[in-house]
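Per TrEMBL, the features are:
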BINDING   C:Ser47, C:Leu48, C:Arg49, C:Thr50, C:Trp75, C:Arg110, C:His147, C:Pro148, C:Leu149, C:Gln150, C:Cys269, C:Leu270, C:Arg297  carbamoyl phosphate binding site
BINDING   C:Glu142, C:His176, C:Lys236, C:Arg273  N(2)-succinyl-L-ornithine binding site
DOMAIN    C:2-160  domain 'Aspartate/ornithine carbamoyltransferase carbamoyl-P binding'
DOMAIN    C:184-305  domain 'Aspartate/ornithine carbamoyltransferase Asp/Orn-binding'
Amino acid sequence: MKHYLSINDVDSLPAWVEEAITLKQNPLQDNALGKGKTICLLFFNNSLRTRLSTQKAAMNLGMEVMVMNFGSEGWILEYEDGTIMDQGTSEHIKEAARVVSQYCNVVAIRAFAKLKDKAKDEAEEVLTGFAKYASVPVVNMESSTAHPLQALADAITLKEFNTKINPKVVLSWAPHPKALPHAVANSFVEMMKLQNANFVITHPEGYELNSEITKGCTIEHDQKRALENADFVYVKNWSSYSEYGKVLKQDSSWMMTQAKLGGAKFMHCLPVRRNVVVEDAVLDGDQSLVVHQANNRTFSAQIVLKKILESL
Amino acid sequence: MKHYLSINDVDSLPAWVEEAITLKQNPLQDNALGKGKTICLLFFNNSLRTRLSTQKAAMNLGMEVMVMNFGSEGWILEYEDGTIMDQGTSEHIKEAARVVSQYCNVVAIRAFAKLKDKAKDEAEEVLTGFAKYASVPVVNMESSTAHPLQALADAITLKEFNTKINPKVVLSWAPHPKALPHAVANSFVEMMKLQNANFVITHPEGYELNSEITKGCTIEHDQKRALENADFVYVKNWSSYSEYGKVLKQDSSWMMTQAKLGGAKFMHCLPVRRNVVVEDAVLDGDQSLVVHQANNRTFSAQIVLKKILESL
Amino acid sequence: MKHYLSINDVDSLPAWVEEAITLKQNPLQDNALGKGKTICLLFFNNSLRTRLSTQKAAMNLGMEVMVMNFGSEGWILEYEDGTIMDQGTSEHIKEAARVVSQYCNVVAIRAFAKLKDKAKDEAEEVLTGFAKYASVPVVNMESSTAHPLQALADAITLKEFNTKINPKVVLSWAPHPKALPHAVANSFVEMMKLQNANFVITHPEGYELNSEITKGCTIEHDQKRALENADFVYVKNWSSYSEYGKVLKQDSSWMMTQAKLGGAKFMHCLPVRRNVVVEDAVLDGDQSLVVHQANNRTFSAQIVLKKILESL
């Protein structure tokens, strides 16, 4: 594996999930693998879980870690070719990516969608720019359109808690006061397409995700019907994709409640707004897997870094 | 020891001070103790000494360290139960504390008093929230009402420089242009109550500290009388506690001078405003212990972390 | 060597360059030298290369690293003696430098020129303050008037790519939309004065550097004539020194082009504004050494830290 940009960079999801669960039993088992190797975590946006779990995973592997908030600590990057750089940007991605590559063995990048310009967000200029010009492997710590470390952690969590051959897994949209990106939902959908499951996506009309990603998935606009007999309910807000970045609906009727959840397990990537996205009773109850999911972020990062280190 | 939230979490102050002085002779003696263990330092406020000395202490013990500026790098936390989180906060302390606990073996927190609402500051929502929901030990790196790592460093410094059975130790208020919290003064008072000393607190009227903390202490409003025959003078500004967070007095008559100090040793937690809190002559003279106190911050953190690691 | 504040702190440039090239072959060869030693990197300004390469160099030597953004994470420092500190500054350099020294074995400082007040910039209050009051060696990670880690990296790069006994090296001013400091140019000139080379400085009239630094150097205001038969062309913008901090000229006629460059190697310290300072064709061509220069930042920092560690 050269880069880890998408969940589709996993060659065998079941094998990786199995291996991640094994190393979770003994997180320091590969502590010699990363000796003398360095990872550089570059944050263009805020982070709690990703920041700490990716550091932890790298340290478990014996790597050295350098963390940098690119926006506030570095220089504003230019991504366009041929620009006369006499305005706000001070350094081109071509130089930045090549230079950073020389100080580490792996670069990990977080750069969210700005939700102003669909084409620009889908071009993934930060992640793609680093992947194109870096001379070392690049790991996606959430880009405009994908969050594959989260999706891999979710796959691990599903494996740990699933008891059925063909569980019913529902991805349900939820309300949120701010416009949020599609990255988590996209990667969850892509990951589910690699699984055996009865997978249903439910959201109000107007909240269709990118149809290239959801192609082949069941989409149900009636949340109640979608949730019937669900084994796992993954809740997440996203803004409109067709009316790009718009918040079309805020009413609380789509909030997840214990009553709606029934006997299903509840999943969310966090951070989560209580009593907006999901009611307290769900998060405070036994069916919530959110803390397990967050724990598995360490092991999804660790399996990805392990695979990269093995291929160096 | 589960958490280190207050100087009263020390089971035997003389024993800890003794042990800290011993490990100061050979700071790397317990370098194997923290191997494979991680501490996460979460800063909700600025820090120089605490940031560096706590890192240093953890590294001396062989631990891995992750440092995070929670405010600028993470998400704004909610602390109230039952809130409909449709406003500025994006993540609840319940999730944040549980999640962070999974990435490390110890969490250390700095969260100052905001000095707007006494009840809220005294509720210590950040520190108490982490202590309540974290599944790992929590260390107080200065909270709204306490700074027990500083107080422990001060106890070490007093021990190193004291030559008497019953030294006279004076805590003297000093002027300052900004409203400052009570945390350092509170913990110093609590620490002195665990010591054999003739301890006197002096401040202008209106600057009484929380009477639950100063209960049993001698309070003297005449600074000159308080300082008579002092062996150690600990100078610190704090804002009014009764008129909560107000600056009642700024005149320089309470500034510490070499003349007032006499033959006593001078102590301050730093940072200190020269020629406002204390005149240059004191800080530049031989009686100042401020740099020694700052050095002992490493060893107060190290003894606390050592005790925690031993109890894991 | 006590401190590394200027390229003139190098006792023998050829010997250091040779040793740096040797350790570049095996960067971990001195990994035991820094064991149990700590470096503290204090940033008063943004940084990409310096931040990462200095960390990397320290880690290659087995040191522990603490990184701190002094401005946003610490306290605002006072540098003047005798000030009544009742305004914006909260801590004096005397305390800060002494205190930080106790938490590490080496302190490295980045503090740019503010370009408002020549005398103040030339006093180098931050760097000089730390060097004066710190009890450990201080490394300059770019100060108001000097960037000796860059100049040393440039010397390494010149050595690696030079094939002549007496190469022609040209330092050429280039346009830039913002007023930039003189530090890189100053240290490059000082470094060239320690080399055998035909060294020419070219810039428009009004852009003369500090004449104490350029004393003895050839200055040519005709860029075309300066570039004739050049082997290496080092391009860099700086603001006016005589009309201190002013941008006198922005027209693009001084931009470096492939046509002007001829067969010479192109050098720049980065970050560089494409098509303002230098055209794309140069940076994207084979004659550009900028990525090599950035790589050598690790080894210039590593040789400096090695010399310091050997002298502790």
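Note: Cβ is positioned from N, Cα and C throughout, glycine not excepted.
Features recorded in TrEMBL, as mapped to the structure shown.
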| residue | record | Cβ neighbours (10 Å) |
| --- | --- | --- |
| C:Ser47 | carbamoyl phosphate binding site | 22 |
| C:Arg49 | carbamoyl phosphate binding site | 28 |
| C:Trp75 | carbamoyl phosphate binding site | 19 |
| C:Glu142 | N(2)-succinyl-L-ornithine binding site | 26 |
| C:His147 | carbamoyl phosphate binding site | 27 |
| C:Leu149 | carbamoyl phosphate binding site | 28 |
| C:Lys236 | N(2)-succinyl-L-ornithine binding site | 21 |
| C:Cys269 | carbamoyl phosphate binding site | 24 |
| C:Arg273 | N(2)-succinyl-L-ornithine binding site | 24 |
| C:Arg297 | carbamoyl phosphate binding site | 28 |
Tell me the Cβ neighbour count for C:His176 (N(2)-succinyl-L-ornithine binding site), meaning other Cβ atoms within 10 Å of its Cβ, over all protein chains shown.
22
How far apart, in Å, are the two Cα atoms that lie farthest from each other among C:Ser47, C:Leu48, C:Arg49, C:Thr50, C:Trp75, C:Arg110, C:His147, C:Pro148, C:Leu149, C:Gln150, C:Cys269, C:Leu270, C:Arg297, the residues recorded as binding carbamoyl phosphate?
30
Quick note, binding-site residues C:Ser47, C:Arg49, C:Trp75, C:Glu142, C:His147, C:Leu149 vs chain B, Cβ pairs under 8 Å, ordered by sequence, gives C:Trp75
When DSSP states are folded down to helix, strand and coil, where does C:Lys236 (N(2)-succinyl-L-ornithine binding site) land?
strand
Suppose we call a site close when its Cβ is under 8 Å from a Cβ of chain A; which of the binding-site residues C:Ser47, C:Leu149, C:Arg273 are close?
C:Ser47, C:Arg273
Integer Å value for the Cα distance linking C:Lys236 (N(2)-succinyl-L-ornithine binding site) with C:Ser47 (carbamoyl phosphate binding site) is 17
Starting from C:Glu142 (N(2)-succinyl-L-ornithine binding site), work out which of the binding-site residues listed here (C:Trp75, C:Leu149, C:Cys269, C:Arg297) have their Cα within 10 Å, and give them in sequence order.
C:Leu149
Quick check for the class: what is the C-alpha distance, in angstrom and rounded, between C:Cys269 (carbamoyl phosphate binding site) and C:His176 (N(2)-succinyl-L-ornithine binding site)?
14
Quick note, C:Trp75 (carbamoyl phosphate binding site) and C:His176 (N(2)-succinyl-L-ornithine binding site): C-alpha atoms separated, nearest Å, by 32
Roughly how many Å lie between the Cα atoms of C:His176 (N(2)-succinyl-L-ornithine binding site) and C:Arg297 (carbamoyl phosphate binding site), rounded to a whole value?
24
Cα-Cα, C:His147 (carbamoyl phosphate binding site) versus C:Arg273 (N(2)-succinyl-L-ornithine binding site), nearest Å, comes out at 19
Mind checking how the domain 'Aspartate/ornithine carbamoyltransferase Asp/Orn-binding' (C:184-305) divides into helix, strand and coil residues in DSSP?
45 helix, 20 strand, 57 coil
Whole-number answer please: how many Å between the C-alpha atoms of C:Arg273 (N(2)-succinyl-L-ornithine binding site) and C:Arg49 (carbamoyl phosphate binding site)?
16
When the pLDDT values for the domain 'Aspartate/ornithine carbamoyltransferase Asp/Orn-binding' (C:184-305) are averaged, what is the result?
97
